Structure formats: structure tokens, C-alpha cells
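Working notes, structure below.
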Amino acid sequence: MPIITCIDDLQRLAKRRVPRMFYDYADSGSWTESTYRANQDDFSALKLRQRVMVDISQRSLRSTLLGRSYRMPVALAPIGLAGMQYPDGEIHAARAAETFGVPFTLSTMSICSIEDVAANTTQPFWFQLYMMRDRDYIARLIKRAEAARCSALVLTADLQILGQRHKDVRNGLTVPPRLTLENLIDLATKWHWCLGMLRTRRRTFGNIAGHVKEASNLDSLSAWTAAQFDPSLSWDDVAWIKARWGGKLIIKGIMEPEDAGAAIDAGADAIIVSNHGGRQLDGAPSSIRALPAIVAAVGHRTEVYMDGGIRSGQDVLKAIALGAKAVFIGRAFLYGLGAMGEKGVTTCLDLIHRELDITLALCGLRNIRQVSEKVLWSERPGDP
Ligand SMILES: Cc1cc2nc3c(=O)[nH]c(=O)nc-3n(C[C@H](O)[C@H](O)[C@H](O)COP(=O)(O)O)c2cc1C
């Protein structure tokens, strides 16, 4: 077993173990991938202040999100097709999150259904909603999330139409993969994945198959998204959702202070500053760059979370320093999942927790609540 020291190690292992079509689906952004790259690069550009001679023997990363206490301010982001990275992937990830003590968010486009995940976990998880044209189906989906005791609904606002990811087009992404010669050659080297897939019955979109009338073209994700996702979604629809969902509502995909204000006016309990991991509007700034203006505008009115580019505990600390109440991790846990299932997701969370804890200490702080912009090195003239 290779020694895992960081998320990059998990990524390398995932690349070896996950069929190329699904690995590429994860490791890609839209068009030139400039926003995808910026999400990580802009974290690296932020520098930390080293502080010394402070008693750092007692430390805490515990954080409260929407009234519940978690082990650190990190949640697992919703990821479509996670059950194609690893057989029964959503169940593995949800279990790892539950045991570790952080929230897990199940995507509408998951392979394991809401009911599957609920039956295999004990703690409530969060459910991410994509709005579709078939409102009857969406109303039933919301009821299913409620029946499964999901404790928050995450409405994704930035994917009513799909940004093109070149690799998915080239690979002809389908679920399950079509047995072309190219795919068969690739699958021959991924026998662990193949065996797992043969053993499970969960090989299509669990929340959709059998629940939507026109689910015939489900295997082609891009065609299905284009046909089913509702491009007319607007702020007015939030009232429709709230009339059916009585619990906490989080709106994901906010990149502008004006939209953040609109989300709160529409009734969101929290927002996620996100550019969908650089998979939608290529050319948008990184999420970490967009965060401070949004926190300045609405941070006093709501909980502001962020995602995009988090690959380490240091990145988490930097996001908290710039005003995020918590962060979501997407690819970081997905690589862990592809590499080793539940164990890989746990490894990812352990790595991030340890690095966040040590970085906090090396910045001379004891409690994550003490983190502010002061931990960031500023090269503005006149700064001490
Ligand atoms: C493979 C993949 C699938 C995703 N699927 C969804 C999804 O179904 N719903 C959603 O709201 N966001 C989805 N996202 C976006 C993530 O929730 C999150 O915003 C993004 O991954 C954060 O960036 P990071 O991967 O750099 O952490 C997906 C991201 C990836 C990489």
C-alpha cells in the first residue's frame, strides 16, 4: 500500500484505479479550464503569518453550521456520479463523513439513491437539488429527501445549462460506460472497480431511474441534462421550493454580492460561494477571490460557505480567514473515494484535519474561531 501524505497522493492512486472516463470527469473544468486552475492557484498565492511563543497546547477546530456542531468547518460537496468513481461510492463517502463528524451532501445526480444512503447511515445528511422541468418529480424528490430525514436542502443555482468539458465530449461519457473497444482495454486494467461494479446493483442514477417518465436517455448525461434541467429557474422559484421544504435551505453557486443578497431575500439560510469547481463559467474568477466581497456584503445576515480548489488544511484556514464559515470539498474527497472507497475518504478528512490543526497552531492560534484576516500575510505598503 503506498504511503499517503497529501491529497495529491490520493489523486495519483485514483487515476490508477478509476476508469479513465470517470477520472477525467472529475479532473476537468469547462473550456480552457482557466477557472478550474485559478481555484487552486489563488489559494497558493495567499501567504500565512508565522507567530511564535503562544501556548498552543489546547486546540479546537469544532464549528457550528446551521445550528449543529461538527468536528471541523468542512463539508463534503455534492458530486454527481460518485458511485461511478467507486462502487456504491455515495454510501462509502456518507459513512466516512458520518464517522468523522462532518456533513455529507448527496447530489441529485448520485448513483446511490436518497433512500439507499439513508438506509446505510445513521446521521442526517444534506441533499442537493437540481431544478428540473418536471415539477411533479421535483416535488416528490423534495418529499423523499424529507422522508429520509435530510437536514438541509442545497439548491444549486449555477448549472441549469451545462458548461462544456472537452474531456467528457471526447470520452463520450455515459453511465454505465459503453463497452467500446477503448473502454474495454481501459477496464481490463481496473479489475478492482469492475469486480465491485459486478457485485452492486447500483449502476445508474438512483434518484432518477424509475422516478422520471422520460428517463430513457439517461445514459448520456449531457443530453439528459439539456432536456430535463429547467433553464427558466429564477429567484421566484425559491418560494415554490420553500413551500415544499420546511427545513434549512442553502443556495449554492453564488459569485456576486448582488446575487448573495437576492438569495437571502429569497429565504436562503446559508449560501455557498462557488463556481462549481471551475466546471461551468470558465473565465470567472476563483471562488476564494470572490469570497471577501460577498462576506462584506452579507456576512452579517447569513452563513457564508465556499468551495473550489480546497486541497489541504491550509486552504481551509485561508478560506476561514477570508470570512467563510465553512468550506466544501469536492475533488479532494472524490480522489480519496476513487482510490480506496470509505477508507480513502476518511484518509482525506484526516489529512485535512491534521494539516488545519497544525497550521492553526503555527499561526499562533488555539481555536478555529480566532481565525481572521490577520493570519494572512499582507504585502500592502505600510503594513507592519
Ligand atoms: C465530478 C464532479 C461532479 C460534481 N457534481 C455536482 C453535482 O451533482 N451537484 C452540484 O451542486 N455540484 C457538483 N459539483 C461541484 C461540487 O459540488 C463543488 O462545487 C466543486 O467540486 C468544488 O470544487 P473542488 O472540486 O475544487 O473542491 C461536482 C464537481 C465535480 C468535480
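First residue shown is number 1, and so on along the chain.
Glycine too: its Cβ is placed from the backbone N, Cα and C atoms.
TrEMBL does not curate its annotations; it predicts them automatically.
Summary of the site annotation: TrEMBL records glyoxylate binding at Arg165, His276, Arg279. Screening the candidates Tyr23, Tyr25 against this entry identifies Tyr25 as the one listed for that site.
Taking the centre of the Cβ atoms of Tyr25, Arg165, His276, Arg279 as the glyoxylate site, the nearby residues of that chain (Cβ within 8 Å, site residues left out) are Ser28, Gly29, Ser30, Gly163, Asp168, Gly277, Gly278, Gln280.
Residue with the densest Cβ environment among the recorded positions Pro78, His276, Ile310: Ile310, by other Cβ atoms within 10 Å. The secondary structure of Pro78 (FMN binding site), as reduced to three states from DSSP, is coil rather than helix or strand. When each of the binding-site residues Gly80, Gly308, Gly330 is scored by how many other Cβ atoms sit within 10 Å of its Cβ, Gly80 comes out lowest. Residue density at Ser274 (FMN binding site): 27 other Cβ atoms are found within 10 A of its Cβ, drawing on all protein chains shown. Taken as a whole, the domain 'FMN hydroxy acid dehydrogenase' (1-381) shows an average pLDDT of 96 in this prediction. Annotation for Tyr25 (glyoxylate binding site): same-chain Cβ neighbours under 8 Å, separated by at least 6 residues, are Leu81, Met84, Arg165, Lys167, Asp168, Asn171, Leu173.
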